[in-house]
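Now, the feature entries from Swiss-Prot:
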DOMAIN    5-354  domain 'Kinesin motor'
BINDING   102, 103, 104, 105, 215  ATP binding site
BINDING   104  Mg(2+) binding site
COILED    366-383  coiled coil
MOD_RES   416  phosphoserine
MOD_RES   418  phosphoserine
MOD_RES   419  phosphoserine
COILED    429-462  coiled coil
DOMAIN    516-572  domain 'FHA'
MOD_RES   607  phosphothreonine
MOD_RES   612  phosphothreonine
COILED    622-681  coiled coil
COILED    801-822  coiled coil
MOD_RES   932  phosphoserine
MOD_RES   1310  phosphoserine
MOD_RES   1337  phosphoserine
REGION    1413-1446  region 'Disordered'
COMPBIAS  1423-1435  compositional bias 'Low complexity'
REGION    1518-1558  region 'Disordered'
MOD_RES   1519  phosphothreonine
MOD_RES   1523  phosphothreonine
MOD_RES   1528  phosphoserine
MOD_RES   1548  phosphoserine
DOMAIN    1575-1673  domain 'PH'
């Protein structure tokens, strides 16, 4: 056995004409035996390299030293294979590659010198070596067969008798072979050359008749080379038989790259079947011969699919069998063929791994003949045994006869044959035996045939072949042989043209003098030129050749009637004189070129300078000419065909859609019926209640107001409807993104919420059709769900409606379907041009909106000039820069100031303010004004609903602020009712310059823009009145570099207005809107996989890495928790949880294991554990003592999800979850701590997890992570609460001494703490106790909507999105935050304008209206954005002795609640805070008085009224501090809220008894771990004073909002106390400090305790105030600055 791998060579050819016309670039590089290919679509990608046995560079000319010629290819491959053949091995060479890559050139070559391919050179070299042999004892014989495999059919190219398709059979001894394939004996190279030429002619004739192309068929040229050696001494002759298979494979191109359709597509499918099977065979053989599988036993799955195609079946021995095989892969160098070339390289790379086991075929005949004779004997015995012996005798007689005698014998013995058939039918298996017998005897006869008989048979076949060609009119040589590549010198003739260049000009037909007839073989008269195939008539045409007086012969073509004959593309119906070079097409597939040598010679003599044609006159030229002359527009035909296909597709899609819709309706009806059954089963009482008639309830006027308020609220409620839109359309968004990624469109789609506000007005195309109808009745701005389209290619952002997305998605699907039929290169070419027809792109403007700014005009009422510096705010609430604008009143003839060279002077614009138009604008934008004036509650100002408990307490700041057109208008400080009362009187006397009917002129000057990012270039600004959309004033664009001085516009615009009531109202309340635009020149959009869920989070790369929050580990003993739907939140508690892992010590005690706290983040730490020691887990819960939270028992403690990474895949089922045995649980009572402590302990055997991570010593720098979940039952709760924590652990050996970390050493060194107090990990949690939602409540009914979240549905191509998901509920919460930010920015601008105007009036020593006085401003500030209209005294101050009426008390209480919500917008228990403040701080004041270090202050107490100036000081003045006592219900959905809080203030036992007797409602617990903020606002030491304590305590405080973490010292690593700043009230009073003589102090009040804190200095105290409550600190600093300015004026 001789094992050797397949020799693989690759060869790259030069560019062809098509590639040169398209300016193709070379993507192939060769160095030695290495071939490298470059991806033209991604040049930056690393080139792919392949290593082969030979890499032939034939891309350049022969002058190149690296050029590989035909000779070199043969020397490397052909000579080696020929040597193997002489050694007795089977040999195979096959060429592979796409059509036109140069396979046939490499294998066959051309007739010119040095252009012959491997086959001719190998045949010539074969006979050269035979002739050079001088050994008389050696004799050689060569036999040749030539076949073609086309569409899985085999044709014999050498024997004209074998016209049909030959059968491929398999013999148990010979293997696969072609039955009746002629093997012709040859004695010289000329014989082989003639046979190859004859075979190519036969191939050409057959291909032309059948309208085929050689590139779609495989050609196999077999040489059977026999060597006989006679040993004179022993008189024994030995033989070596070698089979040389030379294969020219069909093209490997894809159907889409050739445009194949119909029959061509079928042919391509069959070709690709052969090549695909060949690829499978090569891959399977390479897999078997690869390293890992080479020494393994052959499995049943190691199947080689040889039989899947004829080609691989016949080449079975050559592929991995008894053969020496070489493969030549032909490559195209052009970039347009990159995909096919890369496929060829990979094909060849797999082939080189195949190993063949070749053996020397020595003396095969003797053994073969013996085995065949044995088989014949066995088969005969079988037939005799079945009584069919006479059949064999008759068969032998028929086989031995000549063809003529056989026919006569058959005719004479018809009766006997029929009887034989009858006998065969009744003898099972006999027909197959006879067939095999015939087959075997035929092979025996072929093997026993002598060499002389083979030569005689070869000669007979040659004569038959030449006679057949002569009958067809093919020109012959004088000796009778066929003409090869030969051109007559005088006689006119026709040469064939073929699609395959190697088959063109292969057949030559003489046109004799006189008449030459062309037609079919079965014509009435004998035809001189015989053609066949479709559209060829029996008598097709006549060529008439006449000689005129010795001059050249004139050839005339006369078509017969009805025959399709074309000359130079024009159909010929009358005799036509032919000229040399004319193209003649007969029928549909026969293409010829007419050559007239004499005529051509005379033409050259007459016009010696005749130009050569620009392109070769070949088959393609003739076909193109035919289409042009016949007026056939292929493009139009293709479009028509495409239109028909589209219509058919549309019809079928409509039918499918209709059927799908019917099916959907059917399913929906079934689901609805099932849903009704479920509803009737689970909510029977709801249906019964609904069916019962309800009695009409008599409501009071107040109750009617509340009902009307609730109706309006729920009518415009949008939270759930927006969520339904997000859920229902998520699948469309995901599909659009998937198609965009697959088509490489560089466009991202994501949901976005848009609200119609001043900073973000909605464009008309985004408003739904019903927007105009409900605009007048809608009290709140409309919020819509839109799609944000981020065009990364052009750096543009567009907004689409959901309807537009669905429409575009249909077009995207059609584009995706069409993309499968278009080559990828064409798609990318089209992608470079953004056209209006692409559904992914929209037209984008050059300028993009940077942001908007607003300038109020109330200074024109006085009039004083003002210069504003206003913020430029984007639609997302981001401050993009600042704009300086000056507004002043001028006289009509006043000239503009001189600003130097940068002046932009505009003329005076005349604008009219129509009262009716402005009133319409006000009614459309602020429809709630009318309701407000009729006494409607201000609760109607709420915009954003649905934050659960927040809705129960009262309107939040974001709810009020978001309403940009409210009853008490949002301008607040500019237009509240109290200011109107103060303004109207003085203004009526002072508005001489604004008399009705007069012309008033004022000037708006756009001065400068600053702090605008450099990503916006060419900045310009335009401004207009807010209710006018038809015209705007614009500045000139300025270049923006982001550096240097501000951009100076200095644009002056004078505006003249006829004074009307609407104009005066406008400048009192409305601003001018300034819009800043710029050209955006960066593309900052991230890829889809980087899409963040919340744009508000800080970038995590700047902060330490934190562990992700895991979901609870599922319980093993408890039944599946069916969480009921939570209703309104009842209360919330902050939990501080300690986790300890205790290990068994030598003395029998369990000591907490050491915890490494390095990392600096709270609630983190690594347990350092010993291997193989018993352990216990201790969990301690700490929280404030409250009546609602009572722990009952620990139901289960489970641990699982053992891993070595912080992240975990929670979707997988963990088999190693372990439920721990609870050893103890209960309350503990540490000394000097009034908080509640609940502790439980469980035994943990880590070996029970059966995890290697827990059983072994942890490798260096690796950590083990585990998740713990505790299920704790609480009283009055429907289900257990779950506390979940991720542990980080490192296991050391049992006897290892753990080195204490730096933090632990510092802790021990201080001596202030025991080691056990630091060996714990903390966690901060929020416990929410919610009521169980009523099944029949509107909230439950809304939650039971059948709207499915489609974001989880699978979409084809979703895996390419790399984890991207559509935005969902979090988008609504983020948008609320954005709306609040926009509202706050708007309020800041109003307040800044108000303060600027007041300061301007004071500095100008003008009388300041009472509405702008400092005392009045304090009153306004205390009310936030809405103030009550309180009666004023003559001096303009509120009378402290005057009793407020009911409405005023309601407004005062509402203001208190609004202010507490403003400072702590997440705080939901403001009514409790008031009572807690009083009780706890009163206790603190008593403690202060008892402290001997404090001076006695008599009966002075620290009351909430004195320590909470933010609540009451602003409303009632600094001189009379008292707590408001509301005596009526507030305008709130819970009218008993505040009176109940007042009653709680009284420490009455009766009150407590009543509380105990109240029936306890079941609650739903929910515990969420709080993610610790990485941002430290402030840290340092503070002194604490709590009630019932002896004195001040010094603690280390770290503020990470919204929590403040308390430590015993700065060395302490364990959190001892946490303070939730979001629910705490921070209070500060200078008077209280002076009274108690405790400087630098402030108070923090929670629901359960009050704490007094003292800082080291005044500056330190203000820093702490800013860290605890930035808004309060800002208020204090503002008051201090006003106080200092007032003192300076005094």
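Heads up, residue numbers simply count up from 1 along the chain you see.
A Cβ is built for glycine as well, from the same backbone N, Cα and C atoms used for every other residue.
Given the structure is predicted, the values throughout are model-derived calculations rather than measurements.
Residue 105 (ATP binding site) falls within a helical segment according to DSSP. Of all Cβ atoms in the protein chains displayed, 25 besides its own lie within 10 Å of the Cβ of residue 104 (ATP binding site). Mean model confidence for the coiled coil (801-822) is a pLDDT of 85. Helix, strand and coil content of the domain 'PH' (1575-1673), in residues and according to DSSP, is 22 helix, 38 strand, 39 coil. Around the Cβ of residue 102 (ATP binding site), the same chain contributes 11, 13, 58, 330, 331, each under 8 angstroms and 6 or more positions distant in sequence. Counting every protein chain shown, 27 other Cβ atoms lie within 10 Å of the Cβ of residue 103 (ATP binding site). All chains included, 20 other C-beta atoms sit within 10 angstroms of the C-beta of residue 105 (ATP binding site). Broken down with DSSP, the domain 'FHA' (516-572) shows 0 helix, 27 strand, 30 coil.
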